[in-house]
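Here is what Swiss-Prot records for this protein:
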- 1-41: transit peptide (TRANSIT)
- 48-494: domain 'Biotin carboxylation' (DOMAIN)
- LYS163, LYS205, GLY211, GLY212, HIS255, HIS282, GLU322: ATP binding site (BINDING)
- 167-364: domain 'ATP-grasp' (DOMAIN)
- LYS237: N6-acetyllysine (MOD_RES)
- ARG339: active site (ACT_SITE)
- LYS494: N6-acetyllysine (MOD_RES)
- LYS581: N6-succinyllysine (MOD_RES)
- LYS581: N6-acetyllysine (MOD_RES)
- 643-715: domain 'Biotinyl-binding' (DOMAIN)
- LYS681: N6-biotinyllysine (MOD_RES)
Amino acid sequence: MAAASAVSVLLVAAERNRWHRLPSLLLPPRTWVWRQRTMKYTTATGRNITKVLIANRGEIACRVMRTAKKLGVQTVAVYSEADRNSMHVDMADEAYSIGPAPSQQSYLSMEKIIQVAKTSAAQAIHPGCGFLSENMEFAELCKQEGIIFIGPPPSAIRDMGIKSTSKSIMAAAGVPVVEGYHGEDQSDQCLKEHARRIGYPVMIKAVRGGGGKGMRIVRSEQEFQEQLESARREAKKSFNDDAMLIEKFVDTPRHVEVQVFGDHHGNAVYLFERDCSVQRRHQKIIEEAPAPGIKSEVRKKLGEAAVRAAKAVNYVGAGTVEFIMDSKHNFCFMEMNTRLQVEHPVTEMITGTDLVEWQLRIAAGEKIPLSQEEITLQGHAFEARIYAEDPSNNFMPVAGPLVHLSTPRADPSTRIETGVRQGDEVSVHYDPMIAKLVVWAADRQAALTKLRYSLRQYNIVGLHTNIDFLLNLSGHPEFEAGNVHTDFIPQHHKQLLLSRKAAAKESLCQAALGLILKEKAMTDTFTLQAHDQFSPFSSSSGRRLNISYTRNMTLKDGKNNVAIAVTYNHDGSYSMQIEDKTFQVLGNLYSEGDCTYLKCSVNGVASKAKLIILENTIYLFSKEGSIEIDIPVPKYLSSVSSQETQGGPLAPMTGTIEKVFVKAGDKVKAGDSLMVMIAMKMEHTIKSPKDGTVKKVFYREGAQANRHTPLVEFEEEESDKRESE
C-alpha cells in the first residue's frame, strides 16, 4: 500500500464526461462499438493481456488507446503535472500521475511507470514513440517484473540502438552500410582524426540517437569541436548517453525506410517503404508511402534487405529499417528504429492494416497476421506533421494555447492523429507537434491534391504553426514531381518561405465587413441583455435619416496601415473605398457548430470564409488560403504597452539556460555564441546580434527564461549615445 501511495491516482471512469469531449476530435469514424467488456490474449508463456499501460503522452498515446479499445483491452495512462487535463488522460480507463513536467522526472522514470503497472494490474506496457520506447534497460526491467513489453526483446534494442554495433551486424548480414567510425574510443581527438580520415563533410550522430537529436553536420574541421560539444549535450539530455559515431555525410540523399514486423515464431515480413526525405532540423516533416519513383525490383530489394536486418537480431514486433538512397537508387543501411514510428499511419493506409493491433497480437504470442504474399500495396498516402513552430524563424518551436482549432472532416481516406483539443496548451516541456494529417488516394497526384485541400481546412489560432509552409511545400513543382531529397528544404528555402504578400483589396473588404458584422452582433446581444431597445447604444447599423453615414476605418496589413472609408447604405450593403477604388460589399454571419462563417459578396463575387476575431487580429480562413489583418492599437495604448529590448538578444521561447559562455565585461563579435537554451527537446544556441561589450547576463545555467525576455545586455556604445541624443 505504501508503494501504491507513491503515485496519485485519477480514475477516469466518468463515461459521460469522456464521450462528451470526444466528438470535437474529428477522429475517423470506426465500425466498432465500445462496450464494458474485455478481451484476453494469451502469450506464449500463458499470460493474459486484459489491460495495457501506455507509457507515453500526446497523439501516440491516444492512437494506441483507440486500437486497444477496439480489441476490448482496458487502457491505463500516465501523466505529468503539465498533462493533468490532457486528451490522453481523458481517453484512458485509468490514469496515474507520475511526477513533475520535466521528462526526466516523469515519462522517463522507469521505476514510477513500473509501479503504476503493478498498481493498476496492467499485464503489458506499450511504450509508444520516444521516451522509453527504445530503452533496453526499461525492456529488461519489464521482463524482470513479469510485465509484457510491447516491443522487441532487450537484446535487439541493444544491438540496434547502439549504432556502432548495428553497423557491424548489418554488414555481417549482407546489408550495405555507410563508411564511418563506430569505435569505443570517444575522445575528442580520436573522433576528430576519424572525421579527417573519412573526409568532410561528416555527420556526428549520437550512438543511441533518434529523431534528429544529437545529430550535427560538420562541413569543415574548424567547426568540428563546437558541433561535437553541442551534439554531446543534446544526446546526454535526450538519451542520457553522449557517445558519438562519425559517418560520411552524403549530400542530397533520399531517406527511405522500410516497415518490418517479426514474431516469436521466427517469421518476419516487410510492409513496403516510406519516403521521409523532406526534413528540417534533421526531423521529418512530411512523409509518403510508397516512395515516389521506386521501381518494383528496387522495392523488393529494399524489403528483403530490411527483413534480413530484422532476422539478424531475432526481431519481434514493429520496427523500421532506415536507408540512405542515392539518385540511382543504390541504398545503404543507416539505422533501425526498434519501435513504432511516428509516420506509421501512411503504411497502414496503403496496406489496409492496423499496426498497433499487430503489435498487441504479436506481443500476446500470436503469429504475424499476414504472410508476405498477402501484404499488398494499394494507392498512395501522405502524412503532414503539423507543428507549433515558426518557419520564418528557423522553425523555432513555440508554446502556447490553441485558442481556436478546427480540422478537416475525417473519413476513411483522411485521418487526424492528435493529442490536443481546442483550448489545450502546447507545452514548452515536450515536442511541439500538434497533429498528423494523413490522407490516402488511388495515386500520388490525387493524394497530393487531397493533402493540400485538407491543409487549407486545418485552422489554428493562438500560436504560430507550419501549415502555410506545408502548403507551399506540397505545392512546389519539384515536390509534385517526386524529386525529393534531404536537402529539399534548404535548396528551395526562398520559394518555400515566401515573403508575406499584401492582402488583396477584396480581402481587406472581407475583413472590414467581418469586423462590422461582429460589432453589430455584439450590440444586438447587449440590447437583449439591457432590455432597452431605445438605448443609444442599441444600434450599430450606421443608418441616418436622409443622409448616408460614412465611417473611417483603419486596418493593418502586415506593417502597412490601410485606410478604408465605409459608407452604410440604406439597403444594408456597404460601399468601401480603399485608395481610389470603391467596392460594393454585402454579407452576413452564420454559425456551423462552434465556428462563425462570413458569407460575403464583393462587387458581385461571392465567397465564404471562417471568421475569427481574437484580441486585435481578424483571421479569415477559406479554401483559397488564410489571411490575418490587424486592428491597430491606438497610440496612447501602444506607448504604454511597449517594451525595451535593452540592446541584447531576447529568449526566442520559454526554456532552460543550459550553458552560458560569457560574463560581464567580455567583448564579443556578431555571431559569437552567448548561451545555449534547451526548449521543447531541442538545443538552441543564442548568438550575439552585434559587436559589443557584455554589460550584464540576466540568467545563470539551469535558470528558466520566459519567451521574449532579455538574456544579455550590452554596454551602450558611443554611436548609440549620439543617436539617442
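Any Cβ shown, glycine's included, is placed from N, Cα and C.
Comparing CA positions across the recorded positions LYS237, ARG339, LYS494, LYS581, the one lying closest to HIS255 (ATP binding site) turns out to be ARG339. The Cβ of GLU322 (ATP binding site) has 20 neighbouring Cβ atoms from other residues within 10 Å, across all protein chains displayed. Taking LYS237, ARG339, LYS494, LYS581 as the recorded positions under consideration, the smallest Cα distance to LYS163 (ATP binding site) is found for ARG339. Reported as a whole number, the C-alpha separation between GLY212 (ATP binding site) and the residue listed as 'active site' equals 16 Å.
Long-range Cβ contacts of the residue listed as 'N6-succinyllysine' within its own chain (separation 6+, distance under 8 Å): LYS505. In this structure, LYS237 (N6-acetyllysine) is part of a helix by DSSP. Cα spacing between LYS205 (ATP binding site) and LYS494 (N6-acetyllysine): 28 Å, rounded to the nearest whole number. LYS237 (N6-acetyllysine) sits 20 Å from the residue listed as 'active site', counting Cα to Cα.
The number of other Cβ atoms within 10 Å of the Cβ belonging to GLY212 (ATP binding site), over all protein chains shown, comes to 17. Here the C-alpha separation of GLU322 (ATP binding site) and LYS494 (N6-acetyllysine) works out to 29 Å. Annotation: ARG339 carries the greatest number of neighbouring Cβ atoms among the recorded positions HIS282, ARG339 [cut-off 10 Å, Cβ to Cβ]. Of all the recorded positions listed (LYS163, LYS205, LYS237, HIS255, LYS494), LYS205 sits in the most crowded Cβ setting, with the most other Cβ atoms within 10 Å.
With respect to their backbone Cα atoms, the residue listed as 'active site' and LYS494 (N6-acetyllysine) stand 36 Å from each other. Counting residues of the domain 'Biotinyl-binding' (643-715) by DSSP class, helix then strand then coil, yields 0 helix, 34 strand, 39 coil. Cα of LYS494 (N6-acetyllysine) to Cα of HIS282 (ATP binding site): a distance of 19 Å.
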